[in-house]
Amino acid sequence: MVQKAHNDMVALDHSRGPNFMDIAAQKIKYMGTSEDGGLKFERLIPVAGINTTDKQVADTQLAHLKKGIETNPVLAPMLMLKQAADGSRCEYAQEGWYDDDVCKAKGFFIVGDYADTVKEDYLPWVSSTIDLVNDIKAKHGDRVEVRIAGEPYFLAFMLYDLVQKWWLFVISFLIVVAMLWYLNKGWRGSVFPLIGVVATIIITLGLMGFTAYKLTTMMVLTPMLLLAIGTGHAVQVVRRYQSELHSDKRIKPFTAAERAIAATIIPATLAIVTDMVGFFTLSFVDISFYKAYAYFGMFGMMTILITTTTIAPILMAMFPGKDTERDASMSEASAFEKGMAKTLTGVINGKMKIIPIGMIVALVAWSAVQTKVLSPTAESAMPGVEVGINYSRAAFKYDSDANIDLRRLGEVMPGVISVNIPIKGLVEHFPMLPACSYDGSMAPDTKCWDEDEDAPQGAFNNAEVMAAIERTEDWMRAHPNIGFTGSYIQFLKIVNMLMMTPEGQEPNLKYFHVPNAEFISNNMDVYGDAEDPEWVPNANEVVTGFNGLLEANTNAGDLDSFVAKDWNEGVIMGFVNTMDPVKTHQTVKDIQKWFEDNKNEPGFDLVTWGFKSGDIITMPEAGTCSISSVNESNSPTKRQDCGNENGDWVAKVVQIEDSGTTTMAVGGFLGATEATHDVAEVEYIKSPLVTALAIFIVAALIFGSPLVAAILTSTLLVTLFGQYGLGAYYTSVENWSGNLHFATLVSLSIAMGLGVDYGIYMISRLKEEMTATGGQWVESLQNTLETTGAAVFASIVVLLASFIPLLMTQLANTWALAVFISEALIIDVVIALTIIPLLIYIFKPKYVFGKK
């Protein structure tokens with residue numbers, strides 16, 4: 001079963017089969033000593049699989065597998081699950097490890113490797129993976145438990161589950177249709193506005209398709225954003241059309257449409273331009289998703305001007321209905337809207353204004369407590385806000401199947417997300433000279449390496465470097481958040497153990513160490529020469545000899561995942577046992593501190609550790625870009641990772657952007673998690689504030705009033721701070737679906753966009769009403785609240801209702817989007833209908849009140 005699963009997983013597109021690690025993988029072998037004292041490497045499982053017809057042969061093969069995996073201190077913890085009677089995981093070599101009655105083998109793990117090209121093919125790939133798992137379950141039933149996790153599967157499954165939940169978005173859209181039908185008093189007030197909104201969404205998605213940009217689980221926010229903002233504009237223009245049409249029985253529908261467009265186009269343009277500027281600032285954030293979100297968001301906003309603000313009234317004029325001259329109810333504010341306008345007018349102009357003011361003060365105070373903004377630290381201005389991401393919780397809710405699988409794997413595996421630390425010899429210590437040539441082809445005085453006269457090249461032939469890697473792995477394994485590590489030195493340590501254990505004895509873990517000078521001097525009983533007591537082996541020569549044994553007794557490519565062919569580069573691969581963003585961030589900091597503290601220690605100072613700004617990375621593993629290997633395979637993996645230079649396939653070279661920093665970075669899923677944390681830590685305050693500044697400047701220029709711009713911007717900052725408070729609250733309860741990680745940060749832009757739109761419409765209508773009433777504030781305010789205010793309230797009710805299905809899904813990213821925007825909408829409605837009019841009345845900007 002395990003072998004078939006291995007073969008099926010390797011057969012999936014984008015697989016890097018040679019890098020797979022499991023009991024059926026070619027590179028995973030039984031390591032022992034032969035009768036003549038040499039090394040013996042044998043596959044754990046025959047190529048043809050365990051014999052199913054001859055029990056005696058099968059028993060022999062299974063016994064070989066059992067011994068090969070149980071006695072291997074490297075493979076056993078990583079590839080096999082042993083459990084005690086109480087269900088707890090048995091650790092390698094603990095008491096009872098070799099006793100099946102105490103620690104029984106319960107499972108095996110397949111650690112796969114897939115190329116980055118899988119991101120371009122997520123849906124077909126993850127569908128094939130799910131089919132593979134379902135086939136195993138169907139064939140073996142309750143006898144087996146199959147769990148699957150990992151970066152490509154998890155990110156692909158997000159998209160897969162999103163597609164499977166298409167009906168939730170349909171329900172949300174139908175709710176918008178129904179609410180608009182009711183609030184705009186007929187099907188025309190529902191269908192025609194949404195034609196414009198849908199047109200905007202389709203045009204934007206069309207641009208994505210034209211530019212070959214796929215709608216990922218993150219970019220699904222773009223159509224949601226356009227639906228939210230587009231609906232707000234549509235409600236405003238439709239309400240204005242109805243008002244114009246029925247306020248004068250002699251007016252014709254097209255004239256009403258013309259007046260509605262003329263009255264709303266200016267505030268709509270102001271609002272949309274301001275939104276576009278806000279999105280433009282997002283394009284400077286160093287996350288590709290943000291950039292794409294900003295570009296497509298700007299394009300979508302621009303199309304709203306053409307579609308939503310013009311198509312809806314024109315269509316309503318083309319199909320006006322039969323009773324346009326008599327149906328005054330189409331323009332009459334409802335009893336609720338009239339009552340709301342009258343009540344809010346009294347609140348704003350009376351003593352009850354303390355209520356909305358108190359609500360805002362309470363929101364700010366609550367957010368201040370949650371974010372701990374009054375107790376900043378050197379690391380964060382808001383210590384209560386965690387900006388790191390738990391990918392599993394950011395994608396799926398806690399009780400989803402995907403998270404259940406991940407937690408279960410975390411219980412039985414030593415870790416569920418990867419961390420890679422590249423190692424490369426420093427040029428000054430390991431110059432890696434070209435091989436000497438004595439045929440006259442080499443220029444005189446050229447420095448070269450003579451394999452017969454010179455010591456072997458490469459950092460991995462140096463015993464102190466090997467000991468430094470060993471110390472690092474020992475430290476990492478002792479770290480509470482790191483479950484397991486693996487590197488080339490584990491093979492070296494096994495060879496040392498096998499070769500140094502006295503003849504006739506079982507391999508002794510005492511010798512499971514790197515044979516550096518210190519270890520050799522402490523164990524001269526096995527390393528020394530009885531006939532020459534003074535002789536001490538050279539540690540580098542011992543390491544080089546063991547390297548040669550491994551190279552001679554393994555197949556080509558078996559060691560490539562851990563060490564380069566030139567012995568100067570390698571990698572430590574680890575598994576982190578948590579996705580908690582606080583713990584993963586601390587783990588990275590601990591790793592960085594470890595190397596900083598030991599940078600001058602023996603061995604550590606001879607190589608570079610991890611990635612650094614400006615590094616040049618060669619992709620992929622050596623050997624996979626030869627002409628034969630590429631041409632013999634139709635795999636897009638090899639063609640994607642290799643470049644064709646004048647007909648020769650060569651490994652691509654990628655340079656890490658030079659940011660001017662010297663901090664060491666790690667690779668793997670932990671590295672990707674930390675990278676998003678670093679960006680979010682910088683941008684979660686800076687980006688919204690830059691957006692707010694841009695909105696202030698644009699609003700000041702458009703309105704010709706810095707005071708109006710300041711009122712708009714200040715109210716946006718209240719909404720923004722409320723979003724910070726909500727993110728901090730979810731941080732405090734460790735609900736990692738709702739903290740302000742990089743995927744939820746974009747909801748801040750939607751919230752700010754909606755808030756500024758409502759504010760602009762309210763201020764523009766107040767100016768219009770003040771002109772119409774000759775400066776009568778109370779009358780102007782009530783008229784504004786009955787018309788534009790009612791439209792703002794209606795659009796917010798529509799959007800809140802449309803988010804209900806999204807709150808009920810297992811998808812955490814849509815849930816978080818709905819929660820954050822719902823909070824923003826509630827704040828925005830209070831601000832737009834009370835605080836903005838109140839600030840306008842208090843400060844009396846000339847834009848609204850004129851020069852008097």
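Quick reminder: no glycine exception, Cβ is built from N, Cα and C everywhere.
Taken from TrEMBL as is:
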- 194-318: domain 'SSD' (DOMAIN)
- 166-184: transmembrane segment (TRANSMEM)
- 191-213: transmembrane segment (TRANSMEM)
- 219-239: transmembrane segment (TRANSMEM)
- 260-280: transmembrane segment (TRANSMEM)
- 292-316: transmembrane segment (TRANSMEM)
- 693-722: transmembrane segment (TRANSMEM)
- 742-763: transmembrane segment (TRANSMEM)
- 784-808: transmembrane segment (TRANSMEM)
- 814-843: transmembrane segment (TRANSMEM)
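Counting residues of the domain 'SSD' (194-318) by DSSP class, helix then strand then coil, yields 104 helix, 0 strand, 21 coil. The transmembrane segment (742-763) shares the most Cβ pairs under 8 Å with 814-843, out of the stretches 166-184, 693-722, 784-808, 814-843.
The stretch with the most CB contacts under 8 Å to the transmembrane segment (166-184), chosen from 693-722, 784-808, 814-843, is 784-808. Beyond its flanks by at least six residues, the transmembrane segment (814-843) meets 162, 165, 168, 220-221, 224, 228, 344, 347-349, 353, 356-357, 359-360, 363, 394, 397, 707, 711-712, 714-715, 718-719, 722-723, 726-727, 737-738, 743-744, 747-748, 750-751, 754-755, 758-759, 762-763, 766, 777, 781, 784-785, 789, 792-793, 796, 799-800, 803, 806-807 of its own chain at Cβ-Cβ distances under 8 Å. Mean pLDDT, taken over the domain 'SSD' (194-318), works out to 81 on the 0 to 100 scale.
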